[in-house]
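K.L.:
Following this message is one structure expressed as structure tokens.
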Amino acid sequence: MIEFLALITLISRANALMRPDGVGRLPALGWSSWNAHECDINATVILTAAAQVVKLGLKDLGYEYINIDDCWSIKTHRDPTTNRMIPDADRFPDGIASVASQIHELGLKVGIYSSAGETTCAGYPASLGYEDIDAETFAEWEIDYLKYDDCGVPDNWKDPYTFCVPDTANNAGPFPNGTCPSLPNPAPANYNWSTSPSAERFRRMLDALNTQDRTILYSLCNWGNAAVNTWGAEIGNSWRMSGDISPGRGEVGPDRTRIAVWERIAEITNEMSFLVREYAEFWGWPDADMLEVGNGEGGMTVAENRAHFALWAAMRSPLLIGTKLDTIRQEHLKILKNPTLLTFHQDPIINRPAYPYKWGYNADYTFDAAHPAEYWSGPSPALEGTLVVMLNSENVTSTRMAVWSEVPELQNQDQGDAFEVMDGWTGEDLGCIKEKYEVELDAHDAAVLVVGNAC
């Protein structure tokens, strides 16, 4: 098995954004403020999250970025002398650099947020036209990660055409077979989106970051627009491939946190299933958005939280925790700390995520926002085997079966039809399993297996 896995290790794409010290080669692991706090942030919120990442053992598992999302600056203006953005003194009385320093003292890294427009999504000053100044500022503050959004775009920087993103957070739909029949002003078939105003806006910030004497991981957030999957890896180390994971903000549960909904997890997974095979590689990772694990009493079930994390990890999307860690429930923390999925996600040898190999509920390659591909597999030398994820996308308890002869990584090896299998959730050795493994799953739950050597 190990020899076979070594043979299929791939070489990175020639035009990928390769950064010093391996920054961005693997998908990011960390915590981000937006899903849990939105604009209700300050130094205490950020430093509490950083301390919890250490205290809860998440740092030891590779979670390293503590990201300050939107709303960190003064909203009305830049510094009239330097043109720099000004940290909100009420929220960050000692400035962003002080927060960054304290995070670095914990052995962690710090991220900041801006937008490739005139204002951020919450209406704060953004970086279009100020790329050099802002990149210099972020480097001076010793920032390690930049999330760069796509709000506040002036008319003279808007794209001449509209790109189809078959996502209800972006467009009304419906999306038959993943198409957008009602799309206004579609681009000609030969249009090169890498030369679009969108690509140029994001490229300008990359150029500014590259002039700094500091490596800053660059995360693009344009929600799949402008065919970003075709050029994102040239400009950033990750790029959002869909609309926001929770676009309908405002609904809260009894614990006063936003309620995450399974429908968005399924919809984004469905979109990602048609992208990962072509676009996800070392140095460039499609981003399914920040995690919702642990968000909202009365929202997703524990089973749905498990499936959400399993799918994001298997797809090797960046894993940015988006919940309040000082009040997280143990069952949710256990999901975020799953060693099997984190090992696969951070495998330094294999240059690809898990791919869907069977849709299950639907015929293969069916575009269905409610019932995405249910069977995924990917090789992992770090796990000494193949990761297999089985999803029950139905609304009721149902059985799923992994048939070894259908798993691509287990084919053509002349190894017979029996393999050593481990339960990826519990770590339990399931023994030598012949031909297939069958499991009953709750609604929207996922089984995780590591299929090892022939036996």
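Placed from the backbone N, Cα and C atoms, the Cβ positions cover glycine too.
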K.L.:
If you pull up Swiss-Prot, which of Cys71, Cys121 shows a disulphide to Cys39?
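P.N.:
Between Cys39 and one of Cys71, Cys121, Swiss-Prot records a disulfide, namely with Cys71.
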K.L.:
From the list Cys121, Cys221, Cys432, which cysteine is recorded by Swiss-Prot as disulfide-linked to Cys151?
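P.N.:
When Swiss-Prot is consulted, Cys151 turns out to be bridged to Cys121.
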K.L.:
Out of Cys39, Cys71, Asn225, Asp244, point to the one nearest Asn192 (N-linked glycosylation site) in space (Cα versus Cα); all of them are recorded positions in the record.
P.N.:
Asn225
K.L.:
Using a 10 Å radius around its CB, how many other CB atoms surround Cys71 (disulfide bond)?
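P.N.:
Summing over all protein chains shown, Cys71 (disulfide bond) has 22 other Cβ atoms within 10 Å.
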K.L.:
Let me know the most crowded of the recorded positions, choosing from Asn177, Asn225, Asn395 and counting other Cβ atoms within 10 Å.
P.N.:
Asn225
K.L.:
Helix, strand or coil for Asn177 (N-linked glycosylation site)? Use DSSP.
P.N.:
helix
K.L.:
Relative to the Cα of Asn222 (substrate binding site), which of the recorded positions Cys39, Asn42, Cys71, Cys121, Asp149, Cys151 have a Cα no more than 10 Å away?
P.N.:
Asp149, Cys151
K.L.:
Out of Cys121, Cys151, Asp244, the recorded positions in the record, which is closest to Ala226 (substrate binding site) when you go by Cα distance?
P.N.:
Cys151
K.L.:
List the other residues in this chain whose Cβ sits within 8 Å of the Cβ centroid of the substrate site residues Asn222, Trp223, Gly224, Asn225, Ala226, in sequence order.
P.N.:
Asp150, Phe163, Val165, Asn170, Ser198, Val228, Arg240
K.L.:
For Asp149 (active site, nucleophile), name the DSSP secondary structure in the helix/strand/coil scheme.
P.N.:
strand
